[in-house]
């Protein structure tokens, strides 16, 4: 077949309307901010408790590898076609319109519930400081504040998220320095702790290697959010120039931050205690004799929750805007205010996030657990979709006569990288079946995916066959 020039804008058309006001530093911190959250600050102790010190490090290295493989797939897609709908648009074009519909709504539901969980977590923290104010009041205050930030302009959102994420990064760097002081004896009053906690007396994997496998869904969950860079790239200035540097940079930074933090946590906290500590990070700071260590870490977790909620609200509104342009969501969700912000998507997302107001009637910690358990396996499914999209995009591009050297950025080791990303995420989802406490997530999550897809098949399929090209065309 003779080589021709493939028009990528026709292959995945850009939807007009949003402003490209996002700066590169905003893009980087949005992705970091969406990733680093309570999964690391609160959930890492349980991973150490379950898998042991070496097992936890191995689990986080494996989780970081899976994330990086997915980001390499997303990098090629995003640079070639920087559209705000990102992987929802790619799934529509390179898998099927039904896959795009399912991807978009599944991702929206997942993040909207996460927003509710983040508001609840933030409300619980504020209630510790201001016990006379109910948690649900704080949830409403934070919802109104983030809605205002997101409705003003994309630049206002980006600037806010930049500073939110900066606080989290500074906290992790401070923790790594402080924890190193405890290990090597140049801070604290306990002398050098060394790495004695790594000697569990039961080998490298005290609860067996299977325990590492069973922690992977929680570990990968703590890495999810990095893919937000794809959605934000649709509003970034000169994405072809900045996105590759940002994706490579955030992937390595996040892995380094997480793995170093786990190494220090495992060295300073015995695995028997790690799973029951309220915050392993606060525990380490407390052993340094730092005044108000718990309050300092509570503030960090508060900003972490608000940062993740801020990023999620942004992602949800852009997804709904993109889906409305494809006819996969009501048309009012595609309307923009004078600042070029899809206000319909912001407001409807906050309606679902108002699940956090259930704290008026139920215990806040109970509501938080309900919301967090509801997010289940969605993140891994989305990562599988991204890998599948990249695999199909490259095939489609070549079949149309496209020249690979015309692609500004290419996923390395194709097709090994997308296939590995797909299979590893599938394996992590399968691990849910072997954990009785998490099996319910599998049993409830799969029917939800099926219901969304069947709705498309029975109510929207005929319309899309007339208006949208499938990946086979």
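Each residue, glycine too, has its Cβ placed from N, Cα and C.
Owing to the predicted nature of the structure, the values given are computational and were not obtained by experimental measurement.
Under the heading domain 'Amino acid permease/ SLC12A', TrEMBL lists 26-463.
According to TrEMBL, the feature transmembrane segment maps to 27-45 (among others).
Per TrEMBL, the feature transmembrane segment maps to 57-84 (among others).
The transmembrane segment feature in TrEMBL is assigned to 105-129 (among others).
What TrEMBL lists as transmembrane segment is 135-157 (among others).
Feature annotation from TrEMBL assigns transmembrane segment to 169-188 (among others).
Proximity of distant same-chain residues to the transmembrane segment (208-229), defined by a Cβ-Cβ separation under 8 Å and at least 6 residues beyond the stretch ends, is recorded for 27-28, 30-31, 33-37, 39-40, 43-44, 46-47, 50-52, 55-56, 58-60, 62-64, 66-67, 70-71, 74, 78, 86-87, 243, 246-247, 250-251, 254, 258, 308, 311, 314-315, 375, 377, 379-380, 382-383, 386, 425, 428-429, 431-432, 434-435, 438, 441. As annotated by TrEMBL, transmembrane segment applies to 208-229 (among others).
The transmembrane segment feature in TrEMBL is assigned to 250-271 (among others). Within its own chain, the transmembrane segment (250-271) has Cβ neighbours under 8 Å at 28, 31-32, 35-36, 40, 44-45, 47-49, 52-54, 56-57, 60-61, 63-65, 67-68, 71, 169, 172-173, 175-176, 179-180, 182-183, 193-195, 197-198, 200, 206, 222-223, 226, 229, 277, 280-281, 283-284, 287, counting only residues six or more beyond its boundaries.
Counting only same-chain residues 6+ beyond the ends of the transmembrane segment (296-321), those with a CB under 8 A from a CB of the stretch are 15, 17-18, 30, 33-34, 36-38, 41-42, 84-85, 88, 104, 107-108, 111-112, 114-115, 118-119, 121-122, 125-126, 128-129, 142, 146-147, 149-150, 157, 160-161, 164-165, 167-168, 171, 225, 228, 231-232, 234-235, 279, 281-282, 285, 290, 329, 333-334, 336, 341-346, 348-350, 353. TrEMBL lists 296-321 (among others) with the feature transmembrane segment.
The transmembrane segment feature in TrEMBL is assigned to 341-358 (among others).
Feature annotation from TrEMBL assigns transmembrane segment to 370-393 (among others).
Per TrEMBL, transmembrane segment is recorded for 413-434 (among others). Only residues 6 or more beyond the boundaries of the transmembrane segment (413-434), in the same chain, are considered here, and those with a CB under 8 A from a CB of the stretch are 65-66, 69-70, 72-73, 210, 213-214, 216-217, 220, 376-377, 380-381, 383-384, 386-388, 390-391, 394, 441-442.
Residues or ranges marked as transmembrane segment in TrEMBL: 440-460 (among others).
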Within the same chain, where does the transmembrane segment (440-460) have neighbours whose Cβ lies under 8 angstroms from its own Cβ atoms, ignoring anything closer than 6 residues to its ends? I mean 6 or more beyond. 97-98, 101-102, 105-106, 109, 217, 327-328, 373, 376-378, 381, 429, 432-433
